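Asker: Straight from TrEMBL, here's the annotation block:
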{"type": "ACT_SITE", "residues": "H240", "note": "active site, proton acceptor"}
{"type": "BINDING", "residues": "G17, G18, T19, G20, D21, L22, A23, R24, R51, K148", "note": "NADP(+) binding site"}
{"type": "BINDING", "residues": "H178, K182, E216, D235, K331", "note": "substrate binding site"}
{"type": "DOMAIN", "residues": "14-187", "note": "domain 'Glucose-6-phosphate dehydrogenase NAD-binding'"}
{"type": "DOMAIN", "residues": "189-480", "note": "domain 'Glucose-6-phosphate dehydrogenase C-terminal'"}
Amino acid sequence: MVSRVIPVDPFDLVIFGGTGDLARRKILPGLYRRFWAGQVPDGFRIIGAARTDQDSDVWRDFVREAITEFVTEAKREPETIDAFLAQLHYIPVDARGDSGWPELAEMMRGDVTQAFYFSVGPGLFGDLAERLQRFNISCEDCRIVVEKPFGRDLSSAKALNATLAEHFDEQQIYRIDHYLGKETVQNLMAVRFANVLFEPLWNAQYIDHVQITVAEEVGVGGRGGYYDKSGAMRDMVQNHLMQLLCLTAMEPPSRFGPDAVRDEKLKVIRALDPLGQGDIVRGQYTAASGEPSYLEDVENPDSRTESFIALKVHVANWRWNGTPFYLRTGKRMKARNSEIVVTFKEPPHSIFDADAGSRANVLSIRLQPDEGMDLRVTIKEPGPGGMRLVDVPLDMSFADALGPEAADVPDAYERLIMDVIRGNQTLFMRGDEVEAAWAWTDPIIAAWTERGDRPLPYAPGSSGPEDALILMHKDGRRWREIA
Ligand code: NAD
């Protein structure tokens with residue numbers, strides 16, 4: 001297979017929060033993997049900037065350990081790691097004070113691409129943006145990358161957007177949603193818009209319903225304090241699940257470019273109907289076999305925050321009238337499994353005997369654990385005994401079709417960071433999109449808060465509360481097994 005990677009210009013990438021958990025687990029190992037793959041240009045530099053007072057050598061040791069822990073052995077060649085670490089520098093910087101900023105200004109090169117990754121809590125975004133400008137570090141073409149959570153409601157998101165807009169243009173702001181960096185999510189767009197096969201059927205006339213599941217096996221663990229103020233709706237639905245919904249439901253953009261794609265996603269969010277009480281099921285996991293319950297995990301016996309949510313959502317436009325989108329996400333579920341499942345309608349008339357069986361076509365787009373797509377088609381069961389129908393997978397496995405290296409797809413973070421360096425915002429959220437998503441979720445959260453609703457208990461290792469199953473059963477449908 002011929003590699004057709006778009007070349008990248010030399011860059012200075014500053015990681016604010018370079019000693020933090022996200023930098024250690026995702027950003028730095030991801031950058032190393034791109035370097036290992038030969039996709040990072042000569043002359044790049046990565047500058048760690050954080051509160052800890054330490055020198056570059058100590059930070060390089062930290063990065064070496066991160067690579068050892070999070071990069072597969074086959075890619076950990078000692079010379080390659082050394083060459084990567086040689087391009088790394090560290091500067092202690094106080095986001096809330098003035099120390100470290102003159103040194104950082106001194107370090108930056110004016111003649112290369114400059115990007116600043118805000119891998120710190122959102123409370124520091126404004127401080128960083130203001131200081132980048134005040135110390136003359138930011139430039140017209142500089143990019144900033146901001147992490148979730150982007151606000152906790154519409155007013156805080158608006159305030160955050162306004163603060164960033166004081167110092168940077170929208171074209172410079174890259175709001176990360178790492179779900180958009182996943183290979184299969186982008187493949188969803190390729191399947192929809194690079195084939196004539198699917199798009200004519202991609203509407204309420206032929207699609208019965210869509211399910212989007214993001215299930216996690218883990219509980220809230222050490223993040224209990226943060227999570228309890230947030231909950232599944234804010235932490236997962238407002239961003240990740242809504243982004244997946246948008247890509248599934250949007251109209252074909254005129255081109256695969258930042259504004260064309262984001263305009264179409266925005267239209268989907270604006271077309272979402274308000275939700276009624278009967279469209280929502282919220283849950284909290286209980287204790288089991290020595291593992292603490294949600295309430296114990298967050299150390300709040302009266303918490304009404306949900307660790308699980310299922311929703312029935314309507315996109316109110318011509319294309320989707322009558323085709324519901326069922327969304328669910330939760331912690332401590334049966335398995336770690338994220339997928340978009342598009343269930344088509346059954347043929348309007350069957351020419352086969354009733355006992356031949358009939359099945360709907362199902363297209364599933366798996367995000368994790370193994371990225372891939374699968375289309376189930378109905379065929380005749382081989383062998384004698386008349387016409388019996390059976391559904392089989394028309395498997396779209398990248399490795400089988402394109403060679404083993406095609407299966408070695410970059411992690412979402414590394415792909416997105418390289419897009420920042422290339423200056424491509426297509427897979428990043430625009431400010432108005434984020435605000436529109438909060439504008440839809442805010443009244444839903446306000447309604448259950450006002451009613452004082454308590455989430456329903458569900459057993460760890462299950463598919464959520466019984467009522468989530470009923471949400472679909474009452475429509476004559478069922479969730480796909482979480483496996
Ligand atoms: P962390 O607490 O592990 O690290 C925070 C970093 O910020 C540290 O490097 C610390 O030195 C730096 N910092 C804090 N105060 C500072 C100051 N005044 N001046 C300079 N540096 C300062 O946090 P994290 O888990 O790495 O998360 C970083 C951001 O990414 C947060 O916004 C978080 O919500 C988001 N995020 C994290 C994850 C994850 O898996 N960890 C996932 C998604 C989003």
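Including glycine, each Cβ sits where the backbone N, Cα and C put it.
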Asker: Tally every other Cβ atom lying within 10 Å of the Cβ atom of D21 (NADP(+) binding site).
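Answerer: So the number of other Cβ atoms within 10 Å of D21 (NADP(+) binding site) is 9.
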Asker: What binding-site residues in T19, R51, K331 place CB under 6 Å from ligand 1?
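Answerer: Going through T19, R51, K331 in sequence order, those close to ligand 1 turn out to be T19, R51.
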Asker: Measure between the Cα atoms of every pair in H178, K182, E216, D235, K331, the residues the record assigns to substrate, and report the largest value in Å, rounded to a whole number.
Answerer: 21
Asker: Rounded to a whole number, how many Å is the Cα of G17 (NADP(+) binding site) away from the Cα of H178 (substrate binding site)?
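Answerer: G17 (NADP(+) binding site) to H178 (substrate binding site), Cα-Cα distance: 18 Å.
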Asker: So what sits near H178 (substrate binding site) in its own chain, CB-to-CB under 8 Å and at least six residues off in sequence?
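Answerer: K26, A412, Y413, L416 - these are the non-local Cβ neighbours of H178 (substrate binding site), listed in sequence order.
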Asker: Can you tell which of E216, D235 has the most other C-beta atoms within 10 Å, given these are the binding-site residues?
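Answerer: The largest 10 Å Cβ neighbour count belongs to D235.
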Asker: Determine the most Cβ-crowded residue among the binding-site residues R51, K182, using a 10 Å radius around each Cβ and all protein chains in the structure.
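Answerer: Output for this query is K182.
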Asker: Once the chains shown are all counted, how many other Cβ atoms turn up within 10 Å of the Cβ of A23 (NADP(+) binding site)?
Answerer: 26
Asker: For the C-alpha pair, I'd like the distance in angstrom between A23 (NADP(+) binding site) and H240 (active site, proton acceptor), rounded off.
Answerer: 20
